[in-house]
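As structure tokens, the structure follows; a few thoughts come after it.
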Amino acid sequence: MMIKQYLQVTKPGIIFGNLISVIGGFLLAAKGQIDYALFLATLLGVSLVVASGCVFNNYIDRDIDRKMERTKNRVLVKGLISPKVSLVYATVLGIAGFALLYLAANPLAMWLAVMGFVVYVGVYSLYMKRKSVYGTLIGSLSGAAPPVIGYCAVSDGFDTGALILLLIFSLWQMPHSYAIAIFRFKDYQAASIPVLPVKRGISVTKHHITLYIIGFMVATLMLTLSGYAGYKYLIVAASVSVWWLGMALQGYKSANDDKVWARKLFIFSIVAINSLSVMMSVDFMVPSANNLLTYLG
């Protein structure tokens, strides 16, 4: 029973979602030349770091989790694991993850993990989430770290491809998170968390969602235009982006139930990002040695 609780507090769903993006970044950089030992070490290292961050987040959010319907039954809220033990557990997970990335991958991968961790735990969870409407924006940077870590574990350098991945996943996080904040509006309001829908209203949030999806669309296409991914990826990226944008625009119809609309937008956001992760894993080369930007220039 205790094993289940120690697993639950690491938020396995979040770990799994992050691993899909790590795989996408790793295989994009590997271009078919896969070092399986490095691959497994990177997946395990990132899993441990993400798990650590989630446990720290659960520890920090104990007070507000009690006020939210979605989180009131979490392990630490119910006292199934003591706060002191959770801190030790989170620390051990983090140290193990950072050490594995440093020793089995490279220092860059580890430092990217450290930066993502510090932003999520130190900046977002401890301060921005509770104090600022821009908390989601800051948190999006940590959410974009896993695919970049996967990419840099192979490349051992932060190049244009890594930057594009950072942009894609950061921009994706915003509509994804805002959609959650809309259909969980009462939860965030009850916990006094200053997310955009609560502070500025759902109407303003819809405009932000639309703009971020347009930005996401441009960023996804850049992966092919810059010569990192192929045309099959491009077709899928364009298709899911246009469809997601269309769903966002549906939110402006007055007859729509905002919560139902936001939940659908949230679900499709997961489909969209996983589709891109899969496609960049398998379609990592363009047919020509030159990329499209060369021709456009």
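Cβ atoms are placed via backbone N, Cα and C, with glycine included.
Here's what Swiss-Prot has on this protein:
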type	residues	note
TRANSMEM	12-32	transmembrane segment
TRANSMEM	36-56	transmembrane segment
TRANSMEM	85-105	transmembrane segment
TRANSMEM	108-128	transmembrane segment
TRANSMEM	133-153	transmembrane segment
TRANSMEM	163-183	transmembrane segment
TRANSMEM	209-229	transmembrane segment
TRANSMEM	230-250	transmembrane segment
TRANSMEM	266-286	transmembrane segment
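Only residues 6 or more beyond the boundaries of the transmembrane segment (209-229), in the same chain, are considered here, and those with a CB under 8 A from a CB of the stretch are 28, 160-161, 164-165, 167-168, 171-172, 174-175, 178-179, 237-238, 241-242, 244-245, 248-249, 251, 265, 276, 279-280, 283-284, 286, 290-294, 296.
Residues of the same chain lying 6 or more positions beyond the ends of the transmembrane segment (12-32) and with a Cβ under 8 Å from any Cβ of it are 39, 42-43, 46-47, 50-51, 54, 146-155, 161, 165, 169, 223, 228-229, 270, 273-274, 276-278, 280-282, 284-285.
Within the same chain, residues 175, 206, 209-210, 213-214, 216-217, 220-221, 223-224, 256, 261, 264-265, 268-269, 271-272, 275-276, 279-280, 282-287 sit at least 6 positions outside the transmembrane segment (230-250) and bring their C-beta atoms closer than 8 Å to a C-beta of that stretch.
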